[in-house]
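Let me begin by presenting the structure, written as structure tokens, before commenting on it.
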């Protein structure tokens, strides 16, 4: 009888310790996991927004620099001059080349005149500036829409050999281009030509890359086609679920909860940037934290076993002494 009482006390104490330790640990893990994921989401979106602002500032800098050219009197004159003026053409090409050499990401600057003339910046290194004729560009729907729109005066246009909307410049240009197109007007505000500034796509995409390599960046067309990315492998969910990235929800978790997608529109463009943030490392750290909690729980339960034996003995011994006294009296 005394042994059964001792066992019941021990099991009761161990049960209370085990339930309390495991229950509190599970509750702690669930709450912390939820808060960590929420904070990680907010910080990731906030950081990506800062990256997007820097990328916009960079594009704005390129656009403002290009506007210096479309307002240049020599360029306006060379697109209207009925006769070939070698001195004027030489000054124009020098100005185009000067702007190009001011930024290592630029691969070429070209002006097209509606009168049929075409002048380009000089080729640099292994990236020769060999732009297609204006007729080829106008066959592309996106550029055609830009040229026929009275409201649009600026267009950012992402081009890659993965898409049909890419007039191939040269075999050396494999990483894709992001092109700025501007309309050129004369003093009478009559359209006389176009200015195209070609820039390497990879440096622009790296505005959105994380330094620790936990993310990849992709450019998507208006219909969801992947134009280019920092990784050769395209996540299947990027194509299957990209409609979820429509405004105002510019981010979401994938179905498997392993990736966070954050989307940003490229200004004055039909394309958009999608940043894919991997959550695998975060889940690994959360799992390691869970294992640590379970290890501590195991230590506490072992301690509870020892303490339960002591507590049971401390209760059963006085009862045993009392029973012996009662037996003697009887």
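Cβ coordinates are placed from backbone N, Cα and C, and glycine is handled just like the others.
Curation does not apply to TrEMBL; its annotations are automatic.
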Per TrEMBL record, range annotated transmembrane segment [choices 12-32, 33-53]: 12-32
Among ranges 282-305, 306-329, whichever one TrEMBL labels transmembrane segment: 282-305
